[in-house]
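Peer 1: Structure in structure tokens, see below.
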Amino acid sequence: MRRVVRQSKFRHVFGQAVKNDQCYDDIRVSRVTWDSAFCAVNPKFVAIIIEASGGGAFLVLPLHKTGRIDKSYPTVCGHTGPVLDIEWCPHNDQVIASGSEDCTVMVWQIPENGLVTSMSEPVVVLEGHSKRVGIITWHPTARNVLLSAGCDNQIIIWNVGTGEAMITLEDMHPDVIYNVCWNRNGSLICTACKDKSIRVIDPRKETIVAEKEKAHEGARPMRAIFLADGNVLTTGFSRMSERQLALWNTQNMEEPITVNEMDTSNGVLLPFYDPDTNVVYLCGKGDSSIRYFEITDEAPYVHFLNTFATKEPQRGMGYMPKRGLDVNKCEIARFYKLHERKCEPIVMTVPRKSDLFQDDLYPDTAGPDPALEAEEWFEGKNGDPILISLKNGYVPGKNREFKVVKKNILDNKVTKNTENSSPANKSASPTPSIKSEAKLEEILKEIKSLKDLVSSQEKRIINLEEQMSKIAI
């Protein structure tokens, strides 16, 4: 007997939006016409690009700060033009990078408990693009390596620790780059471009390894992402404006392994991929649904699982890394859906009766520790992600917080200025004092902002009392 229904533990995955009091309300989500996700999430914070007059800004909220967000809530506001893309560093939950229309990339260090005052001073400004920067993505396994792509059709790979542009890929893309994605160990990147080509590039050799022209015939934007096995998944449009999902083998890009046609809609499909379960989630900009598929080695390779549908269209979408999920509830993905005025978490769950840890749903996943230092990667080394078990739920290590990166960045700046100093001095005395000074400064800032807040509330109370007395009279 041939099996009629394919066996899969993800066949019954279902999505559920959280209750209203667990949403983030009254947020003016950015209206910039740019096809990025507008939202970035990690196990500590959710960051959302917002409307800002006279420049660009984004909000950074601790995950537990749900409910109505006050209009005066502090923002990250150092850019002079609208922010187009943001991404958290995978190796440090307090470091976030942002790309903007002002042609710069900025890297920020968020205080441990979130912002108390608005932040306009980044740790480092990366200048090198001549047009707006719409794409930024951190290297998955090397510390402090950041890739940015701009509307000048250039890709720049930076060493954030020293603030230097190490690799510049010019003349590879004749038109606007739609997206860039690293492979699992960060040795290759794949790009989707307006000339309808998908390219697989070795950034350190600065060579194109594989290329497919007209991967999708339609003129609307495409997306390309690497899967764990090295294949490439693309979303795009057919000539008849039908949305497509295609799978490619990078060794032979002549024909796709498979193509799925979905529907006719003009929203760009943003793919979010989970390498542990091999499930890909497609969120269309302006759609009100999330479709999800499982990718396997057997035909038809891409298996439709289900659709999570809502009434409200999505303006953007954040995707929580695996280590931020609740393993006790069999949560396999969590999205942060942006509406016009709020951010709504959506939880994807596999129904299970047992309360025990489900190790088939949670194989060891990429942890927060980098496998390589930036210098090692630029010298040609590769490193697979360092995996962690989620058996007891992810607990952020107390020692590996953002201080390491702070030290790293400051150390590098110090060594850059005093290049003749001996290597022994690099990691010696300056760090503790710098660290404690920075911490003290942070605490003093926090105290000052609290004092300001108290005095402003005092004034408000006096005003209200005056108004009440007038009314009483």
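All positions are counted from 1 along the displayed chain.
Glycine too: its Cβ is placed from the backbone N, Cα and C atoms.
The coiled coil feature in TrEMBL is assigned to 440-467. Here TrEMBL flags 417-433 as compositional bias 'Polar residues'. If you look up TrEMBL, you'll see 3-67 marked as domain 'DUF1899'. Summarising the annotation, TrEMBL assigns region 'Disordered' to 414-434. According to TrEMBL, the feature repeat 'WD' maps to 76-118, 126-168.
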Peer 1: Mind checking which residues reach the coiled coil (440-467)? Cβ under 8 Å, same chain, six or more beyond either end.
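Peer 2: Sequence-remote neighbours of the coiled coil (440-467) are 111, 116-117.
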Peer 1: Using DSSP, what's the helix, strand and coil tally for the repeat 'WD' (126-168)?
Peer 2: 0 helix, 25 strand, 18 coil
Peer 1: Kindly report the helix/strand/coil residue split of the domain 'DUF1899' (3-67) according to DSSP, in that order.
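Peer 2: DSSP classes over the domain 'DUF1899' (3-67) add up to 3 helix, 24 strand, 38 coil.
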Peer 1: With DSSP as the yardstick, break the repeat 'WD' (76-118) down into helix, strand and coil residue counts.
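Peer 2: Its residues divide into 0 helix, 22 strand, 21 coil.
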